[in-house]
Amino acid sequence: GATCVHRIERQLLKARRCGRGGFLRASASWSPDIREHEECLKLVEKNHLDVNSNIDGLGLSIFMAACLSKKEAVVRRMLQNGADVNVRSRSGDSPLYLATYRKLTTDDCDDTGLLKHLIELGCGVNEQNEAGLTPLHLCAWKGNPNLISFLLSHGADPCVRNRQGATPASLARLQGNKQAEELLQRTEEEWIVHHSASANQ
């Protein structure tokens, strides 16, 4: 099939025939393959395209699609080019949630540089999607203690519940992720004690 670059080039040609308005519409209908090719970013920059444009049919912006990729350099460049860290997918997923998901499906879970960068730029670590899930729920479900510890150290709430009433610890238990469950259960208990003490002061 056509590569991302070929798809974009076709969209650009089509947009030029449609005039400026068509150009902007075409920029929002690219294939999600953009996340696999740094060459795509060159086209984005060369043609001054908005990285916050939505991709038709996916409910994702170009920037959010990049957050799902293995191309952290592309994500960082898009952040430099004005990517909106407060944007949400059709399902309410944040850039941090998508980047966390990507980390959990690759072999470089120990590298949390991008996640830290997104948090520093204002991505809320406890923001929930429409299902009530946070990045911590996701890590608990996948059973990754390293990412769980990272999120907890950056203020993730171990007591937050999804729409079904499940905490991260209960999701880890459901999946049989014992190490993750023990870490989350211990932190959840400490969190409750700390906040109870604070409330009584």
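Cβ atoms here come from the backbone N, Cα and C positions, even for glycine.
Quick look at what TrEMBL lists:
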- 58-90: repeat 'ANK' (REPEAT)
- 131-163: repeat 'ANK' (REPEAT)
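If you average pLDDT over the repeat 'ANK' (131-163) in this model, you get 96.
In terms of DSSP secondary structure, the repeat 'ANK' (58-90) contains 15 helix, 2 strand, 16 coil. For the repeat 'ANK' (131-163), DSSP puts the residue distribution at 17 helix, 0 strand, 16 coil.
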